[in-house]
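Quick look at what TrEMBL lists:
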TRANSMEM  61-82  transmembrane segment
TRANSMEM  94-114  transmembrane segment
TRANSMEM  126-146  transmembrane segment
TRANSMEM  188-205  transmembrane segment
TRANSMEM  212-234  transmembrane segment
TRANSMEM  254-275  transmembrane segment
TRANSMEM  296-320  transmembrane segment
TRANSMEM  346-371  transmembrane segment
TRANSMEM  392-410  transmembrane segment
TRANSMEM  449-472  transmembrane segment
TRANSMEM  478-496  transmembrane segment
DOMAIN    509-559  domain 'Cationic amino acid transporter C-terminal'
TRANSMEM  535-554  transmembrane segment
Amino acid sequence: MVLMDSRSHVSSFSSFNSYMRALSDTPKRLARRACSVSTSFEETSRVRARSGSEMKRSLRWYDLTGLGLGGMVGAGVFVTTGHASRNYAGPSVILSYAIAGLCALLSAFCYTEFAVDLPVAGGAFSYIRVTFGEFLAFLTGANLIIDYVLSNAAAARGFTAYLGTAMGISNTHLRFTIHGLPKGYNEIDIVAVAVVLLLTLVICYSTRESSWLNMVLTVLHILFIVFIIVVGFWRAKWKNFTEPENPKNPGGFFPFGPSGVFNGAAVVYVSYIGYDAVSTMAEEVKNPVKDIPVGVSSSVIIVSILYCLMAASVTASLPYDMIDPDSPFSGAFKVGSSGCRWVSNVIGVGASFGILTSLLVAMLGQARYMCVIGRSRVLPSWFAKVHPKTSTPVNASTFLGIFTAAIALFTDLNILLNLISIGALFVFYMVANAVIYRRYVTMGTTNPWPTISFLSCFTLISVMFNLLWHFGPSGKPKAFLLGACVTMAIGVLQLFHFMVPQTRKPEFWGVPLMPWIPSISIFLNIFLLSSLDRASYVQFGFFSCLSVLVYVLYSVHSSFDAEEVGALSQKTGESMKESVESEDNTLKV
């Protein structure tokens, strides 16, 4: 197909020769498009209109709270608690969850400011696109979608495992093995496929009905969690908070010292990943100004309280050195009196509900990310279509649902778990940087280099702190160097705060204590990133390179074509549009 405007522009994909000419022109197109930013005005008007039908605004704050709870309270806490307590924090894992919850809340504040100002379905992709440009937005969005697909496939296979626990049968009865396939890819899981496809039908049918289903499943899951907490404290022995089973192991509430608490926080933070999916629902919220801040913040706070209580109940039930790293809660009730062993089956039922809710919310989020990426023309616009009857992104939901089901069919859970988390933490880091940049830089009128210099310098200091934390000399020299890094970070932050004025202040809701809160979020996300293993970075590097390849071979040419025919604005028009968007308050409600 040939696309034409007044200059008779020919599509880069109209023929093989056209594509070859486009590839030869790639450097110029990269220079023109890679750093080209969008605006709130464009994202909420022309870009959104490319989906055809609009998504229905039917969600309120309690729907967002339920979706946030459903997205976070999944199977993660049932696994990470044992690993963090046994190997890193001991009984002080309770504080690890509190620190991780604080980190999640700070990131949630950054998401909320963008979601209120930019109530579209693109989430982090749209936030990065209006601040740092098309290329970084695509890299961010692509890694996040990959993480969503892999984590959803892992959750679906995890559902099969916990379903087996609830039924009191082995997983081998719910899966069958094909011996001709490589190990790790030869256990066929039909249950996982069925769950993914069934939820795909639900989210394609209606967002409102999906929210109600999530609410019902979340309430049931929280009831199971309350049951676990009550039974755990009923069996509690308070000496378990300070005395290990083996006297040779370190004792006390902090058996591994303060560093163990923070290392434990890095491990359990994966249990909080999921609140970002709520921001992708902003386009379907009735009153974004009031509903989004309440919905997102309340869900993170409630989950933090539940997690701390769950961690306290399991560490009160058993000495930390007897906790099963893989199944801490069900394992806790298998130890000791046989009269409580039935509780492990109940935990299997509760965890199954939790997996379903987290899977539902994540599938809602991933489809909306893909929809908005399609709107931006860096992926085929087919993904952007919203069905006129259901008001949902059916194409994106169906494609990703089938893709997720295919991976969940044969890929082992342990393989998938090694490929999750780093992408999400990278996105949270980028959003925290973006909210500072957007507050202090106005396109076309403000010199961006003071803000860019601050963000670069603060990131460098944070990286130095984490290198010293993990590899620095022990004792007083390490404490001195860490203290010097903290002093430098505070000094740079204060210097930036006093010397660079804010050029944009949110009209309805903004991150408080700017730039302190997003800066602390940057630091904490870098700290958590530094605690991930080598396999995570290999995965991140592989998928990032793959994303760059897709952008160079397809996306930049597609968006260039769209700009040439007037479907995308040019960077030179940004200043005008920024002034228009500040005057048009109707875009924000």
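Don't overthink the numbers, they just go from 1 along the chain as shown.
Using N, Cα and C of the backbone, Cβ positions are placed for all residues, glycine too.
Bear in mind that TrEMBL entries carry predicted annotations, made automatically and left uncurated.
If you look at the transmembrane segment (296-320) against the transmembrane segment (392-410), you find fewer than three C-beta pairs under 8 angstroms, all six or more positions apart, and that falls short of contact. The transmembrane segment (94-114) makes no contact with the transmembrane segment (346-371): fewer than 3 of their CB pairs lie within 8 A, with pairs spaced 6 or more apart in sequence. Count of Cβ pairs under 8 Å against the transmembrane segment (61-82): among 126-146, 188-205, 254-275, 346-371, 392-410, the largest is for 346-371. Packing against the transmembrane segment (188-205) from elsewhere in the chain are residues 152-153, 156-157, 159-160, 163, 174-178, 213, 356, 359-360, 363-364, 367, 387, 390, 392, 394, 397-398, 401-402, 404-405, 408-410: each is 6 or more residues past its ends and has a CB under 8 Å from a CB in it.
Taking Cβ pairs closer than 8 Å, the transmembrane segment (126-146) reaches residues 30, 33-40, 43, 111, 114, 118, 120, 276, 366, 369-370, 372-373, 376, 378, 400, 423-424, 426-427, 430-431, 433-435, 437-438, 540, 543-544, 546-548, 550-551, 555-556, 559 in its own chain, all 6 or more past its ends.
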